[in-house]
Amino acid sequence: GTTPVNIHGKPILSKTGGWLAAFFIFGNEMAERMAYFGLSVNMVAFMFYVMHRPFTSSANAVNNFLGISQASSVLGGFLADAYLGRYWTIAIFTTIYLLGLTGITLCATLNVLVPNQDECNQLSLLLGNCEPAKPWQMFYLYTVLYVTGFGAAGIRPCVSSFGADQFDERSRDYNTNLDRFFNLFYLSVTMGAIVAFTAVVYIQMELGWGFAFGALAVAMAISNIVFFVGTPLYRHRLPGGSPLTRVAQVLVAAFRKRNASFNSSEYVGLYELQGKRSAVKGSGKIAHTDDFRCLDKAALRLKEDGTNMSPWYLCTVTQVEEVKILLKLIPIPTCSIMLSVILTEYLTLSVQQAYTLNTHMGRLKLPVTCMPVFPGLSIFLLLSLYYVIFVPLSRHITGHPRGASQLQRVGLGLAISIVSVGWAGFFERYRRNYAIREGYEGSFLSPMPGLSAYWLLIQYCLIGLAEVFSVVGLLEFLYEEAPDAMKSIGSAYAAVAGGLGCFIATILNSIINSLTGNEEKRQTSWLSQNINTGRFDYFYWLLTALSIINFSLFLYAARRYKYR
């Protein structure tokens, strides 16, 4: 059932897959991440400076876009595992992605799609006196933005799994190749982010918004061509039918037999097909485990069943074990949600901090929107030195052949994220006090010459290290532990966790604004648009406390988890 096939569904006899096929897939992911990060860092500024939306509402709108594009990834994973396969899911949704980027480019290019920019200077923006965008203009922008997010949702859970499918499970080097693949995969993600935070920002500053968003669309179009060129090289896994239907069948069958006893004289045994072939297309058989014993009743075969083999009444052990695995995986990606919250907040809050700081590096002045490139550079550096420094050192400490297990890497990343956000709180307190002391309290868009923005590099680089350990470890963990016919659903867990983090960040911002701000009493919110009168330091320390609680829960879940 797990035999790889070609694009026509025929078992593969010739040499396919391997690193050459994987590199064609890397290009698609690099362009997708370039577009994703290019929109995330530029869209807040576009809405503020061009569409004349308040900074807070612009940030929340972009957070919602990021959240929906990730949380809806389960749809892409479902379609890939159930009907289309990973290749065709990527092919369809990458085209939708390109259409969305083209629509955003038109919005930034055609004057009719944006409000009037005449007599709208920086002072007018600060006072809110610029002509606001018309409702239909915002409707168009949100439509093409969410079309782009929908395209990303279909691609994200499939690309890493499709790349990992290119390696032969029976190979002696399979685990080593898989470990290196996920590191290189995230390296391609990082390279896309670096290009977005540097080249795309430079294009925006020199040539305008239309050229910047157009560059993202062109890069996506080129990556699509590269992906399709590699088609003859790819190995495919047959879709196993609807995973949600199989999950529902197990739950219904277990409920119907909830009163049956394993000790009853009517008990025949747990049902499974004879021979090597599994009842689940695209999956090998899965051995029975003692977890979630209540679900075993779905496979409980009784004398009274007779010839009734309906999967809604009697499921195979493999089908039941699939559901158990999905349930056992949930706590680990759930604990990664807090990391996503921090990453989302950094995308907006750190940019606001950078606007008040001196971004000169010698004679070179870096744009504020380039600042998020530094986590990418730290990730690039770590992944480049990963097998030279980290693996030998950690292998000496842990005794693990790959340096550290997947869960150990996830935990290390979560621990580093606590240090990052804690430092962010301490630096923000110093920055705010400096601004008040030097008379910049009311000038939150004016850089202070005496305070360098490069102090932000500490929190940026730490969160970059946290991201590479946690996200790469999580992707590898979910792919290896997920059932054979649900690999895309397993990978979607990570994307859904990231999306929930974006939503939680938006909700948390709204709660903090409502609890700490009061216009009638002239009480400034912690997240005031004027960062110098707000209390971003308190907010960072709140995130630190939540991260510590989350890390404690992760340690509990990781200690209880048993690898397959």
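Quick reminder: no glycine exception, Cβ is built from N, Cα and C everywhere.
Taken straight from TrEMBL:
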- 34-52: transmembrane segment (TRANSMEM)
- 64-84: transmembrane segment (TRANSMEM)
- 96-114: transmembrane segment (TRANSMEM)
- 139-159: transmembrane segment (TRANSMEM)
- 180-203: transmembrane segment (TRANSMEM)
- 209-229: transmembrane segment (TRANSMEM)
- 325-346: transmembrane segment (TRANSMEM)
- 366-389: transmembrane segment (TRANSMEM)
- 410-427: transmembrane segment (TRANSMEM)
- 453-479: transmembrane segment (TRANSMEM)
- 491-512: transmembrane segment (TRANSMEM)
- 538-558: transmembrane segment (TRANSMEM)
*If you count Cβ pairs under 8 Å, which stretch among 64-84, 96-114, 139-159, 491-512 touches the transmembrane segment (209-229) the most?*
96-114
*Can you name the far-off residues of the same chain, 6+ from the ends of the transmembrane segment (139-159), with a Cβ under 8 Å from a Cβ of it?*
25, 28-29, 32, 35-36, 39, 43, 47, 51, 61, 65-66, 68-77, 79-80, 86, 89-90, 92-101, 103-104, 106-107, 113, 133, 185, 488-489, 491-492, 495
*Quickly jot the same-chain residues contacting the transmembrane segment (453-479) by Cβ under 8 Å, restricted to those at least six beyond its ends, or write none.*
160-161, 164, 178-179, 182-183, 185-186, 190, 329, 332-333, 336, 339, 342-343, 346, 350, 353-354, 357-359, 361, 366, 368, 371-372, 374-379, 382-383, 404, 406-410, 412-417, 419-421, 423-424, 427, 431, 447, 487, 490-491, 493-494
_Below 8 angstroms Cβ to Cβ, which residues of this chain, lying six or more residues outside the transmembrane segment (410-427), approach it?_
332, 335-336, 338-339, 342, 346, 350, 404, 455-456, 458-459, 462-463, 465-471, 473-474, 477, 537-541, 543-544, 547-548, 550-551, 554-555, 558
*Between 34-52, 64-84, 96-114, 538-558, who has the most Cβ pairs under 8 Å to the transmembrane segment (366-389)?*
34-52
*asked:* Using Cβ atoms and a strict cutoff of less than 8 Å, what residues sit near the transmembrane segment (34-52) while being 6 or more residues removed from its termini?
replied: 58-59, 61-62, 65-66, 69, 97, 101, 104, 108, 114-115, 117, 120, 125, 130-133, 137-138, 141, 145, 148, 152, 192-193, 195-197, 200-201, 204, 209, 212-213, 215-217, 219-220, 347-348, 351, 369, 372
*Counting only residues 6+ away from its ends, which parts of the chain sit with a Cβ under 8 Å from the transmembrane segment (538-558)?*
331-332, 335, 337-338, 341-342, 345, 349, 407, 410-411, 414-415, 417-418, 421-422, 424-425, 428, 512, 526-527
*Counting only residues 6+ away from its ends, which parts of the chain sit with a Cβ under 8 Å from the transmembrane segment (180-203)?*
22, 26-27, 29-38, 41-42, 159-160, 163-164, 167, 211-212, 215-216, 219, 367, 369-373, 375-377, 379-380, 383-384, 386-387, 468, 471-472, 475-476, 479
*the transmembrane segment (64-84): which same-chain residues, six or more beyond its ends, come within Cβ distance under 8 Å?*
36, 39-40, 43, 92-93, 145-146, 148-150, 152-158, 161, 239-245, 344, 485-492, 495-496, 498-503, 506
